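Asks: Quick one: this structure, given as structure tokens, is what I'll be asking you about.
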Amino acid sequence: MLGFLGATTLMLVAGAPWVLPAGGAIIDDNFILKWKSSSESVSNVTFSADYQITGMDNWIKLPGCQYVTSTECNFSSIKLKSVYEKIKLRIRAETGNSTSPWYEVEPFIPFQEAQIGPPDVHLEAEDKAIIINLSPPGTKNSVMWAMDSSSFVYSLVIWKNSSSLEERTKTVYARDKIHQLSPETTYCLKVKAGLRSPRKVGVYSPVYCINTTVKHHLPSPENLEINAENRVYVLKWNYTYENVTFQAQWLHAFLKKIPEDHSDKWKQIPNCENVKTTHCVFPQNVFTKGIFFIRVQASNGNSTSLWSEEKRFNTEMQTILFPPVINMKPINDASLRVGIGAPKESEDKSVNQLYPLIYEVIFRENTSDTERDVLEKRTDFTFSNLKPLTVYCVKARALIENDRWNRSSVFSDTVCEKTKPGSTSQAWLIAGILSAILLFPAVFYGVKVVSRCINYVFFPSSKPPSTIDEYFAEQPLKNLLLSTSEEQTEICFIVENTNTITTIEETDQIDDNHSRCSSQTNRDSGVYSNEDENSGSKIGEEILRQAAV
């Protein structure tokens, strides 16, 4: 009910009766103005009303509300440019030559005050279903709901006529079918319309009753189910009879919202005509992105079943996202460059290309359980400031951006790669190589000198002169620097002028560390040098020469 008249009184001049405006109502395109009179005894009282639309300076007589003798009037014939414009009303009482002052009503917007009336209902019966056809509220050329005729949502209440306790409430389209009913049974129902935005709830229609028909000899397929597998859809259903064929059809869901007959809009599904199995397979490109309805019918020769219950099918809910292909390679400064590519399974017409995607990337060091989880819109990005010469692993999955169903692919295979040496490591490596090159000659020379010293001390290579060496056959000459626990016997010789050499054996203890030799006529002893074999030979020759003299 409208409140645009409030509870303010309207008084006539010269003692005329009080008139109390009670309010009014707008249902669909019907505009009703109502009021009350405080004195029923006054005769020949009429009422008149004017209206004014925002932006107008003059008042215009309200059609259907001039010199009205009753306490209400219908001004549905008013010509409004828009039901969203503000309108003002004023009303006064008249009797004879007397009139009351005008009473102005608070401005109101017709669409905001309007109520939704009941829809028109038409029913058809099947054995286990009732076909319902609804006409939207308002007239055929409704002004009030001209923008909303396809936006109505219809709520239906149905029950068996024999038991009103078994009520079912469901939302239906303007052209719909109510399934899961019993044959040869009377059902009653009522329907109301509503709008979601702005939120408005209408009033119920009158109750309609209808009888379902006798059970059909060839039943309809039941329990339709559709699933996406790779790049195809698989439609399945249940059926108990054998030796029958099936066909399946589809319809755009938006056509259901248009209040008209759309039976000729159904289309045949490829690969689902005259099939003998209770399933059929068809390519995904049959359907574009959107919502559809699917139905199946059975045939046996010239006999056909009624259509099955329609299955609502949302391609977005059935979409399969394939995991992306990951490529990772090392670049300079211990960084890894990651590339994300389309999966091979979708190269023909990538399902992933139909939606805006983002990628969840899991990145970690190979020897660590700590993971970095990042979201990337880019398909080419870099992980920087990593450890040099370290193995890192990455995997990713695709997600549909801003998706209310949070659809995603499975994770890709894990890819691992080793980083290159960083700039600091490279500098140290170069410095180490240069140092090794510079130090090698010095080290080589030092090793050579030490080796010669060791060989000189511990492993002398020189021998006594050959003329003397024959006298030392019994006991080899050993380096005096070497110690031994055995008693050493050293053979010495004396050179005399008589050209004879007398050999004397002298035994020394190891702790004396030297030999004593005595000479009779000559103090020169047989001293030889360990320099080399040539110098030793020369000394021996000199000794022999002196002895000969």
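Heads up, the Cβ atoms here are built off N, Cα and C, so glycines get one too.
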Asks: Considering the candidates C73, C188, which is the cysteine that TrEMBL reports in a disulfide bond with C65?
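Replies: TrEMBL says the disulfide from C65 goes to C73.
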Asks: What residues elsewhere in the chain lie close to the transmembrane segment (427-447), defined as a C-beta under 8 angstroms and at least 6 residues from its ends?
Replies: 421
Asks: Of C209, C272, C393, the disulfide-bonded residues given in the record, which has the fewest other CB atoms within 10 A of its CB?
Replies: C209
Asks: Give me the CA-CA distance between C280 (disulfide bond) and C393 (disulfide bond), in Å, as a whole number.
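Replies: One finds 43 Å between the Cα atoms of these residues.
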Asks: DSSP on the domain 'Fibronectin type-III' (322-422): how many residues come out helix, how many strand, how many coil?
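Replies: Across the domain 'Fibronectin type-III' (322-422), DSSP assigns the residues as follows: 7 helix, 48 strand, 46 coil.
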Asks: Rank the recorded positions C65, C188, C416, C453 by how many other Cβ atoms lie within 10 Å of each Cβ and give me the one with the fewest.
Replies: C453
Asks: Around C73 (disulfide bond), which residues of its chain at least 6 apart sit with Cβ under 8 Å of its Cβ?
Replies: I32, L33, F47, A49, L62, G64, C65
Asks: CA-CA, which of the recorded positions C188, C209, C453 lies nearest C416 (disulfide bond)?
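Replies: Result for C416 (disulfide bond): the nearest of the recorded positions is C453.
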